[in-house]
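Over in TrEMBL, the protein carries these features:
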- B:27-54: transmembrane segment (TRANSMEM)
- B:60-78: transmembrane segment (TRANSMEM)
- B:90-112: transmembrane segment (TRANSMEM)
- B:118-141: transmembrane segment (TRANSMEM)
- B:153-176: transmembrane segment (TRANSMEM)
- B:182-202: transmembrane segment (TRANSMEM)
- B:214-232: transmembrane segment (TRANSMEM)
- B:229-462: domain 'PABS' (DOMAIN)
- B:257, B:331, B:365, B:366: S-methyl-5'-thioadenosine binding site (BINDING)
- B:287, B:311: spermidine binding site (BINDING)
- B:383: active site, proton acceptor (ACT_SITE)
């Protein structure tokens, strides 16, 4: 069992590693990390920041027209584009700042394997999420329905066993719920918590709707549950006497995993939602199972993209937006050609984070967007490490998700988990997830942007060494990716305060909004839902006009 | 060699019968005993090694002894061409015998993997050692000829020669092989030959002119043998001899597994990652049971797919059906299929099955290969290692069987090796239930394989038409008859069906059962 002292010692070690950075330029010849190749990747923050000072961008040299301009090619934007394509509005133009669409569901690949640069799994969905199930069926993830009516998922897309393991004091146990060295009190608290979750899964409010569900907009408005959004998850746990250290670690881990924020930072409603909303059912899997791919959710967003043929421009920044008599006019800057284009559209869908939408609508009145800084987005570091051999400790073998109790990062997933080939001792790719939650998101983000590859690498390697002592010499390549705005955190009051719902109200049937920022929870299902919601709003105006 | 040495000193100087020192001739007689012991030891080592490595100990011993004695005869005849400084020739000879004989066992062990030339190498070494040993006694007799009357000379030399032979034949099986093993024995006796050279060099004053140069050679050779002697265990550990009950005759690490062949006088055994794959003594039971219940019921079968089975033993059974036109074998590891295509010992076992023109051998990962294959087969034989890890567990999953069933031609059928229904009862029935879960009709059966224990297979096909007495069996089978097939279908209560989960990629139920089932036997 981990004690507070060992935790402090390990944290101390990590800090020492961080302080050594200036003296240890990672890739210098002769350093113990000199053999590791790699580089630092990340979204094009510099181009994105042009938005702050658009006067540096050249004036438009041509004009194009479209019915619906979609700004932002993340899950919400792609889902909206697909939905519009299928429901009578194929005349759209999607622009995306990054060189790839898919937002957080980015992916890369090397000679060993494809690997995710962000979102990497989808829990077995709720069977009532019709739109999502249909999409999964179209792309072969859902292969059919059993006579019971339950969906059957492809064996190749359901996460292969062994799924999860947790390293406690050097020993790997199965599953992420700590099971080794628990006192009776600890065990009772775990049992009480999971009983609470089972009750909450079944709970319905006085309005007859479920207390927790995905998408969360369908959840009950009953104040009995919504008032849980007013306090932090950490305070709630103290109030309900969930004090066991192991339980608190586990729940904090869950919050960091799904929200990039700690139990102190997210609301109790959100903390419980993580567990109580997992109601997926399937003929050949349970709600606890997940769907995953070597390239992570890039598999899903690539299919979303391919399911519509409307034009799509990456590497393109939308930097100005104004209303005209017939619709809207937007200015786009092509990062590659360094030229600007004017777009005339009847409608625009802003499928961007709220702070981007806020800047774009600087001169547009009437919106209720939250100002930049109002939403908490923790920065994330993702490391894809190509390792030749991974020295294993005692206990369970390499699994899909590998976490160390008390670790600063969230642990790593094995990108080669779904591979069907026989293990041959050749290299594999593991993906380390690290939300930078130690300090407030603003300073953390600035620091993350300023940190160089040579400074990150020793930290990443030191972290992996706590998982597998001696692993350094097995690391062949370490590519790193920093997300400045990783994902929105459902801080207290965000989900069920009035501001969230108000923010995505369409403006004069011309400007629409879709992004997980409007859900307050950044998961594929919510992005997919937000995109379809906005697309339906757009289609509704079209039918009302005609 | 030594042309200049011959010229250094006139012959008269070193062969001085006028002042025979009393000690050196006695010393030379002791040397006779030592070199005789060494000579016989080399012969025994060669014979033992040949029967270890090639089997059939009577033939091997007989031919090795014959070749060795004949080579000694050649050596004796060649001795007449040696003239001049005989003592000097003798010392040279001892150094050579020490190096060649001493290194014989390590060289033969390490080179066995390059099997194509093994017999040639074996007989070359045996011949060379024999020639050198054959030179020794005639040379010694000529060195001693002026120091004893002829009748004494002959009597003494041969007395010591036979004493040495007796000593060798007693200590070799009783002390040397059990205590030192073949490699160290070989090295030790090489060192004794060198020691003889050293002592003669030191004790005979006439060796003084070339003493320094020869001493250096002896020390270097002794050092080499000594290093090999010290590291013999590492050498053996490399071949994993210590981990196996029997003599390891081949071992190789491929990216996928460690292949080890062992042999004892009765049988040859193949281990993959330490797990017994077959014993030549009873593998016919396993492979007949794997192949014939399936094939006898498919009189129309022409095309067969074998997954795993890189030893070619299942293919050997398949080739007994002349109606088959094509057999495709897919095995992950080229290390396996190449071994069973080239090693003459193993070619004897699989009857060169993998070299048959009907057989196509592919080295590929079965899972991906099956998913990409488009051909149809009348029979599919699945002979994978036991599901001992999550990687292999995928090859026993419902998803894999679904992909495999699509490769069956109409009326086709498959059989799956399914581990032991007695030792791993849940695992066995889990395989059967997984095949049933993908819509196949299953027929589980089992038999007793002495080196494995009870072993099980599951026949699976799209219909219920299989019969155990459907068609004629090939002639000459040693285990399978219609009656045996009938018996194999019955499961006594201690192996009877137990409820299990279906093995899926996302639960790997089989690997978990397998760990539970085998847990009590490995801890």
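Each Cβ is built from the backbone N, Cα and C atoms, and glycine gets one as well.
Bear in mind that TrEMBL entries carry predicted annotations, made automatically and left uncurated.
Annotation for residue B:366 (S-methyl-5'-thioadenosine binding site): spatial neighbours B:307, B:308, B:330, B:332, B:384, B:395, criterion Cβ-Cβ under 8 Å with sequence separation of six or more. With a cut-off of 8 Å on Cβ pairs spaced 6 or more residues apart, the transmembrane segment (B:214-232) and the transmembrane segment (B:118-141) reach fewer than 3 such pairs and are scored as not touching. Taking the Cβ of residue B:365 (S-methyl-5'-thioadenosine binding site) as centre and 10 Å as the limit, one finds 16 other Cβ atoms among all the protein chains shown. For the transmembrane segment (B:182-202), the list of distant contacts is 27-28, 31, 34-35, 37-38, 41-42, 45, 48-49, 52, 87, 90-91, 94-95, 97-106, 109, 172, 176, 211, 214-215, 218, 221-222, 225-226, 228-229, 232, 235-236: same-chain residues at least six beyond its ends, Cβ to Cβ under 8 Å.
In this entry, B:365 stand out among the recorded positions B:257, B:287, B:365, B:383 as having a C-beta under 8 A from a C-beta of chain A. When Cβ atoms from all protein chains are considered, those within 10 Å of residue B:311 (spermidine binding site) total 25, not counting its own. When the recorded positions B:257, B:331, B:365, B:383 are ranked by how far their Cα is from the Cα of residue B:287 (spermidine binding site), B:383 comes first. Counting only same-chain residues six or more apart in sequence, the Cβ atoms lying under 8 angstroms from the Cβ of residue B:257 (S-methyl-5'-thioadenosine binding site) belong to B:272, B:273, B:333, B:335.
Taken together, the residues of the domain 'PABS' (B:229-462) have an average pLDDT of 91. Residue annotation for S-methyl-5'-thioadenosine gives B:257, B:331, B:365, B:366. The furthest Cα pair among them is separated by 15 Å. Rounded to a whole number, the C-alpha distance linking residue B:383 (active site, proton acceptor) with residue B:311 (spermidine binding site) is 10 angstrom.
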